[in-house]
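According to Swiss-Prot, the protein carries these features:
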type    : residues  : note
DOMAIN  : 27-77     : domain 'Myosin N-terminal SH3-like'
DOMAIN  : 81-776    : domain 'Myosin motor'
MOD_RES : ALA2      : N-acetylalanine
MOD_RES : LYS299    : N6-acetyllysine
MOD_RES : TYR754    : phosphotyrosine
MOD_RES : LYS850    : N6-succinyllysine
MOD_RES : LYS975    : N6-acetyllysine
MOD_RES : LYS1234   : N6-acetyllysine
MOD_RES : LYS1410   : N6-acetyllysine
MOD_RES : LYS1459   : N6-acetyllysine
MOD_RES : LYS1669   : N6-succinyllysine
MOD_RES : LYS1802   : N6-acetyllysine
MOD_RES : LYS1845   : N6-acetyllysine
MOD_RES : ARG1923   : omega-N-methylarginine
REGION  : 1035-1057 : region 'Disordered'
REGION  : 1118-1137 : region 'Disordered'
REGION  : 1877-1960 : region 'Disordered'
Amino acid sequence: MAQQAADKYLYVDKNFINNPLAQADWAAKKLVWVPSDKSGFEPASLKEEVGEEAIVELVENGKKVKVNKDDIQKMNPPKFSKVEDMAELTCLNEASVLHNLKERYYSGLIYTYSGLFCVVINPYKNLPIYSEEIVEMYKGKKRHEMPPHIYAITDTAYRSMMQDREDQSILCTGESGAGKTENTKKVIQYLAYVASSHKSKKDQGELERQLLQANPILEAFGNAKTVKNDNSSRFGKFIRINFDVNGYIVGANIETYLLEKSRAIRQAKEERTFHIFYYLLSGAGEHLKTDLLLEPYNKYRFLSNGHVTIPGQQDKDMFQETMEAMRIMGIPEEEQMGLLRVISGVLQLGNIVFKKERNTDQASMPDNTAAQKVSHLLGINVTDFTRGILTPRIKVGRDYVQKAQTKEQADFAIEALAKATYERMFRWLVLRINKALDKTKRQGASFIGILDIAGFEIFDLNSFEQLCINYTNEKLQQLFNHTMFILEQEEYQREGIEWNFIDFGLDLQPCIDLIEKPAGPPGILALLDEECWFPKATDKSFVEKVMQEQGTHPKFQKPKQLKDKADFCIIHYAGKVDYKADEWLMKNMDPLNDNIATLLHQSSDKFVSELWKDVDRIIGLDQVAGMSETALPGAFKTRKGMFRTVGQLYKEQLAKLMATLRNTNPNFVRCIIPNHEKKAGKLDPHLVLDQLRCNGVLEGIRICRQGFPNRVVFQEFRQRYEILTPNSIPKGFMDGKQACVLMIKALELDSNLYRIGQSKVFFRAGVLAHLEEERDLKITDVIIGFQACCRGYLARKAFAKRQQQLTAMKVLQRNCAAYLKLRNWQWWRLFTKVKPLLQVSRQEEEMMAKEEELVKVREKQLAAENRLTEMETLQSQLMAEKLQLQEQLQAETELCAEAEELRARLTAKKQELEEICHDLEARVEEEEERCQHLQAEKKKMQQNIQELEEQLEEEESARQKLQLEKVTTEAKLKKLEEEQIILEDQNCKLAKEKKLLEDRIAEFTTNLTEEEEKSKSLAKLKNKHEAMITDLEERLRREEKQRQELEKTRRKLEGDSTDLSDQIAELQAQIAELKMQLAKKEEELQAALARVEEEAAQKNMALKKIRELESQISELQEDLESERASRNKAEKQKRDLGEELEALKTELEDTLDSTAAQQELRSKREQEVNILKKTLEEEAKTHEAQIQEMRQKHSQAVEELAEQLEQTKRVKANLEKAKQTLENERGELANEVKVLLQGKGDSEHKRKKVEAQLQELQVKFNEGERVRTELADKVTKLQVELDNVTGLLSQSDSKSSKLTKDFSALESQLQDTQELLQEENRQKLSLSTKLKQVEDEKNSFREQLEEEEEAKHNLEKQIATLHAQVADMKKKMEDSVGCLETAEEVKRKLQKDLEGLSQRHEEKVAAYDKLEKTKTRLQQELDDLLVDLDHQRQSACNLEKKQKKFDQLLAEEKTISAKYAEERDRAEAEAREKETKALSLARALEEAMEQKAELERLNKQFRTEMEDLMSSKDDVGKSVHELEKSKRALEQQVEEMKTQLEELEDELQATEDAKLRLEVNLQAMKAQFERDLQGRDEQSEEKKKQLVRQVREMEAELEDERKQRSMAVAARKKLEMDLKDLEAHIDSANKNRDEAIKQLRKLQAQMKDCMRELDDTRASREEILAQAKENEKKLKSMEAEMIQLQEELAAAERAKRQAQQERDELADEIANSSGKGALALEEKRRLEARIAQLEEELEEEQGNTELINDRLKKANLQIDQINTDLNLERSHAQKNENARQQLERQNKELKVKLQEMEGTVKSKYKASITALEAKIAQLEEQLDNETKERQAACKQVRRTEKKLKDVLLQVDDERRNAEQYKDQADKASTRLKQLKRQLEEAEEEAQRANASRRKLQRELEDATETADAMNREVSSLKNKLRRGDLPFVVPRRMARKGAGDGSDEEVDGKADGAEAKPAE
């Protein structure tokens, strides 16, 4: 059942894959993948293709959708569903990979191969696929033999390590929560099982057990619950498992990286600290809790979220498991307790609370209970500990100074100490584990490294730890990319293989450089180290430096979140991560209070002192010097060159790790997280897709498919696979490469499957696996042969032995026969009687000699024993000496090791100091060099400036020359253009367009004058805007002045408020003191309650006023804060307005260059400016009103505070007076008490001794009563005070809520106004951006005309000078407004043209993007098809060769086709005849196929018979020789049958091929007869006749073959009958044997059951006896208790009588002393109360006695019941003993029966074996005859096949040639048509291009002509202005003159150029 459950999660359901309905559905619907927002991709059927889009119907809902063709991805056939290796997919794309992973995940298949690596998806539940049975399944198996699993990856790594002697590494990578740690555990589990030196897997070795237990310990101390993962590794580890030459584990070593120690002191919401804290608090017993001073969860400050549980995990059980793991690891109990004490100490450190002293910033510790607990746990002095934290000694120069710490510094020191302690403990634990795992002395030959490091993390708040973790993951991903993509391809190129380098674009080096680059520009870690060197450096300065240095880096961004949440953003491979740089400098430096560190080093606890043994390497407070008074611990000054930062150490550690990984052969396991909710069975497709893209899964599969992932060195290839090609390599020396080439030729591998390099042979994926299978088969054959030889040798030896035995038996028989003859002979009898008598005398002598020898031997034995004892004593002495020496040696080695460690530390320290010195010297030199370099640069710059000035002058002169040259070149250009125009005028269509353009140019010339008027109006607008800007600037200045005044008043108020707060604090302290005094007085004096109540009322009033003062102060503070906020907002507004003003200026300058459409925008802007002015004025008014209100509030608050101060002073005076009166009253009451006490003393002397005792009791009772009443009074008073306080609080709360509402309303109003302003600003900015975009487009078009504008520069200057004159003249030209409108229309047309062009441009860009996408998609498809292309190339070459022949034939056939149309019918008739013959041949083939099937079935039967015969081998083993003989004969038979079967299969295959060929040929012949019936009648007839003959021959041969086969079938049937008889005999023998074995097993089972019952009875008897003993003990204890209770009862009764007597006496005394006065009355009351109490006690005693009696009764009942049970158990034990004796008897009888059965079975077997041997001999003879007959038949069949093949091949070739020729002709014609179309399109495009070019040229010419006309017009205007007579119709006339020349763009450019000058 367990195996079936496991198979469900390992193997794919084959029925699902081979479903024909799904295959048909896929083929019919044309299913594809379409993008989906919900599920990533969804299936759809392709319905129609329309251009670049396609219409698809969604499978899920049947909805039809239009999708871009580029977004559609191909779907794989259903047979590839849930494929185990994604490299096998035919269509490799994102959708297919995601679908495959999703299908497998939903089926419970979490492992999937992806080319060379494995993809794992976290199932979030336990699967039954990690048991020992599964490990055994995967052990030693090849990858392709088993389904994907982590065990398969581990096994391949282990096998390749053993085979290649190369170190391996298994890298589990992925995000946090993807399952890396769990897979690492499974890897270790597999290796511990497979590579264990102990072969009995149930009892594993100690080392393997320790290796498995290392993980739980490290997880307990280093793992924690996070948001993403319940068991997240908060440290990285690299587990190195060492193996010896034989592959056994000899040791292990664990390296850890970057423990997140800050988690020990604080955790995020819903997260836990390290597991061990919770394990300890839940699992510790009461005794342990008291020893470790443990408290509940909520009492610890360091457990931020209290007791957070993990679902499905019990912390209590986990604690026990962890402690058990430590025991297995060999950690002694002392060290375990030391660990637990440190953990408790860390928790207690969090409970130390510091407070700020009243008048100073110094910290104090009001309650030192937590400090006492810490010092007790860590073995240090409390006073030294508190002094070290509050006033540590710091080295200043040469002296030591005690410096008082602030509260913040003390808190920081405690947290740093807690973190350091936990980290050191963790490091010690890792070293201890390594010591346990490395204790073996065997040398490791190679190792497997397993990397489990924290996954990629993106939290809400990411800090320094997350940066280090993500940096590590970047490096690992880069290693993966480098090994998979770059190194792979580089090796191909090195080895000289034909390979085109593919760039997959997965280089992560830029991101790594951003983090780790040391210089040019420095990375983040380098900048962090640099900031740690600088004094007064803060986290803020570090962030600024990062922004400055890396701001332009492509992988670096400014965060989009608020500054509170993030400081900068890095684009990692897994996504963007926002980092918050809080306390990064401190985390990087990791400073510590060295006073406490030395204290811990000197601890009385050995464990703690060992943890802190390297105190000299700590960054202490003397190194972190000069803390500023106001700054927090983030602003320390560090002394240079005194430490190495955390970042540096981690970087070095990581570099070492990467170096070791590069030296190994990496095996990648890519872990994927399916969802963030930790739900089983849920998969988020987009999340998985992102991870697949980041991990480079698709690229990895692609390179695995395209490349050659398997490679073998030449020597190794030859050595390993030479067995497959035994005779291919000649004898003698041969080069490895040549040998490999010969071997590959012999193996007949396809050339596409391999490549031969310079030193290796490269194979495609799967080829080596195939070779390995063939090698295994070959080796099995060789071994079978070897076994046969061995068995033959053994059989021969056994035969020779039998022969010797036979001869010996003959000798014995001969001797026995002789004795039988002699025994009755009388002389022989006499001889036998006399001979012993002769030997008697000799025997006596021999006995004497023997006795003497015996004495000597005994003496020798005694001497030897003495020697032996001496030797043993000597040995024991030597052993003791040896042990002493060993101990001494161990001590010496330990001392040596410690000395070595010290030496290493000193040398390391020395090296560090030397490095620091060198660094400092180098820096000094660098600084000097920089200074020199800067000075030199300064000089160079000055020289450069001079040179540049000279160059500028030269360039100006050169520019003038160039302008002259330009004019000449333009003239030449004009000539060339004129020639072009003459050539192009031939086209009639273009002439019409030219006329239209000329008309437009005429219109433009008329509109030019109107444009000039517009420019003038724009200039006016500019002046207006400038005036407005100046006004706004003046207002801003006023605002700033007002703000400054407000700042001054605010500072004054802040100062007043601080003074008031100090006074209030003093008053509060005084009130607290008064409270204490009042409490004391209340305890001493009950009479003064009324006065105290009055004082309490006054106190409440004072408290009320104080609270009011506090609320007022808080209100003032809130007002101040709001004032600050408003000031900041005003400053922001000021900045925004300034930016807007600048934008407006730029816009005004730009508007002078714009057209009429932009005038509308200007008018809008003017309106917006007016609105802005209004809003600004309103805001200024509101702001002034607010400031006035604030001032009034402040003045009122100050007055109120002053009044309250006076009131508090008055209250204080009253309280002091009340205090004095109370003290007086106390004195008076004390006197009265003294008098009363004297009276009481007199009365006490008179009373008896009993009364004295009673009085003492009563005094005690009264004191208790008094205390109770006083407490009750106090409680009532406090309750009253509480009620008053709550009332006051509620009043103040209501007031504060009202104020907050008002304040929030005001704030909301302000925010609304600000939002309105911001929206307006946004709109303006958007408009300005749009304007700029339009202008940019305009400028891009103008760039074509820049050359002409430069030429006209001089003319424009002249125009600019005349603009002033022209402006005056234009006032008179207001009548020509109509022209403006026409110009505007023209401009609109131009804008439309521009928009059209821009749209075209955008369309082209979009089309380009689409083409790019299609290009990439096609590239991918092309890569996939390249493999198929190699196969197709050969056929293409053949087709090209035949193309030429076909062209010739085609020409001939066209001429003759008409002639042979008549003869078509005749050919068709002949074809029909041939078809009938072909059908008959097909029938014959079917019959042959049936015969083949029958033969196969027979073969299977023979195989089963063989197996049965093999299984029927005798268990006893006597007739092995005969059975082996029969087996060999049967094997020979089977081999012969196999050969015959293979021959028959070959024949059948040939016939099938012939059939197929005939069918194809017939169809080809039909087509051929239709096309080419050209003079080939005779040839066809002859061929036909030949074919008929051949068919007849074939038919005859087929008939012969059928006869022979029928004969063979008959013979086979005979054989089958014989075999069946044999089988029947064997079955009967087997049945007999099975029955005997079954009986034996039954008997054995019965015996076992009996033994079990016997054991059970014994155990139960022992248990009963133990219970009886326990019951007897309980009885005795109960009896003792009963006696004790009886004694107590008697004592209670005595006490009761005494109490009753006392009561009577007291009653009498009370009756006598009733008239004594007030004192007596009081005493009476007391006595009565005492009596009542005594009565209550009596009642209680009675109740107790009753309970005791009940218990006694119950105990007696229990005793009786126990006695009865005891008797029953004794009788039961007796019965069991009798049953046991009976079972032993039965057992003996069964054994006797068993021996008898075995004898009978052996005799039966011998008889059956002899019969079988005889039958086997007969069968062998029959088989020999049959084989001979079949060989003859096979020869005949082969001859006929050869003839048939030759004929069919001839026919086939002719048909194929004809078809190929026709296809090639069709293709050629289609190609020609396509080429023609392309030519036509190209010609059209050329014509369009020429037309556009002509248009532009014409426009250029028109522009130049209009410019000339404008110049002329300007000159004429000047002349007329001088004269003073200028008519109004000049512009229109000019327009008419300018008709026929100029263009749209030129006029626009001209106008722009004209208008640009005034804007300057």
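First residue shown is number 1, and so on along the chain.
Every residue gets a Cβ built from N, Cα and C, even glycine.
Here the features listed in Swiss-Prot are painted onto the structure.
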residue : record            : CB count, 10 Å
LYS299  : N6-acetyllysine   : 14
TYR754  : phosphotyrosine   : 19
LYS850  : N6-succinyllysine : 9
LYS975  : N6-acetyllysine   : 9
LYS1234 : N6-acetyllysine   : 9
LYS1410 : N6-acetyllysine   : 14
LYS1669 : N6-succinyllysine : 11
LYS1845 : N6-acetyllysine   : 15
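When the modified residues LYS299, LYS1234, LYS1845 are compared by Cα distance to LYS1410 (N6-acetyllysine), the shortest distance belongs to LYS1845. Comparing CA positions across the modified residues LYS299, LYS1669, LYS1845, the one lying closest to LYS1234 (N6-acetyllysine) turns out to be LYS299. Across the region 'Disordered' (1035-1057), DSSP classifies residues as 23 helix, 0 strand, 0 coil. Cα of LYS1669 (N6-succinyllysine) to Cα of LYS299 (N6-acetyllysine): a distance of 47 Å. In this structure, the C-alpha atom of LYS299 (N6-acetyllysine) lies 70 angstrom from that of TYR754 (phosphotyrosine). Here LYS975 (N6-acetyllysine) is compared against the modified residues TYR754, LYS850, LYS1845, and the shortest C-alpha distance is to TYR754.
The separation of LYS850 (N6-succinyllysine) from TYR754 (phosphotyrosine), Cα to Cα, is 86 Å.
Each residue contributes its Cα atom, and for LYS1845 (N6-acetyllysine) and LYS850 (N6-succinyllysine) those atoms are 98 Å apart.
A helical conformation is recorded for LYS1669 (N6-succinyllysine) in the three-state DSSP classification. Taking the domain 'Myosin N-terminal SH3-like' (27-77) as a whole, pLDDT averages 85 in the prediction. In the three-state DSSP classification, LYS1410 (N6-acetyllysine) falls within a helix. DSSP assignment over the domain 'Myosin N-terminal SH3-like' (27-77) gives 6 helix, 30 strand, 15 coil. Counting residues per DSSP class in helix, strand and coil order gives 20 helix, 0 strand, 0 coil for the region 'Disordered' (1118-1137). In the three-state DSSP assignment, the secondary structure recorded for TYR754 (phosphotyrosine) is strand.
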